[in-house]
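Taken straight from Swiss-Prot:
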DISULFID  Cys3-Cys20  disulfide bond
DISULFID  Cys14-Cys41  disulfide bond
DISULFID  Cys26-Cys30  disulfide bond
DISULFID  Cys45-Cys56  disulfide bond
DISULFID  Cys57-Cys62  disulfide bond
Amino acid sequence: IRCFITPDITSKDCPNGHVCYTKTWCDAFCSIRGKRVDLGCAATCPTVKTGVDIQCCSTDDCDPFPTRKRP
């Protein structure tokens, strides 16, 4: 499987059986810059924590960098 990986946001091969994930959360600059984003691959979908949104998928390049909604 191929997943986008931060910080370069380039598509890279991940080991067999892994999933791609997109993890987003707010930090001190969230209202100005938007949510922080972490893209990668993992053996299993990362555990959801309070204030962190995680989406996992299992097809090539299914985790593109999310677009910020404009007001």
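Each residue's number is its place along the chain shown, starting with 1.
Each Cβ is built from the backbone N, Cα and C atoms, and glycine gets one as well.
Swiss-Prot feature annotations superimposed on the structure.
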residue	record	Cβ neighbours (10 Å)
Cys3	disulfide bond	25
Cys14	disulfide bond	18
Cys20	disulfide bond	26
Cys26	disulfide bond	14
Cys30	disulfide bond	12
Cys41	disulfide bond	20
Cys45	disulfide bond	15
Cys56	disulfide bond	17
Cys57	disulfide bond	15
Cys62	disulfide bond	17
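For the pair Cys3 (disulfide bond) and Cys41 (disulfide bond), the C-alpha distance works out to 6 angstrom.
Using a 10 Å Cα-Cα cut-off around Cys45 (disulfide bond), the disulfide-bonded residues Cys14, Cys20, Cys30, Cys62 reduce to Cys20.
Cα of Cys30 (disulfide bond) to Cα of Cys57 (disulfide bond): a span of 25 Å. Spacing of Cys56 (disulfide bond) relative to Cys62 (disulfide bond) is 9 Å (Cα to Cα, whole number). Take the Cα of Cys41 (disulfide bond) and measure to each of the disulfide-bonded residues Cys20, Cys26, Cys57, Cys62: the nearest one is Cys20. Of all the disulfide-bonded residues given, namely Cys14, Cys20, Cys26, those whose Cα is no farther than the 10 Å limit from the Cα of Cys57 (disulfide bond) are Cys20.
The secondary structure of Cys30 (disulfide bond), as reduced to three states from DSSP, is helical. DSSP gives Cys3 (disulfide bond) a strand state. Cα of Cys20 (disulfide bond) to Cα of Cys26 (disulfide bond): a distance of 21 Å.
With respect to their backbone Cα atoms, Cys26 (disulfide bond) and Cys62 (disulfide bond) stand 22 Å from each other. A gap of 13 Å separates the Cα atoms of Cys14 (disulfide bond) and Cys62 (disulfide bond).
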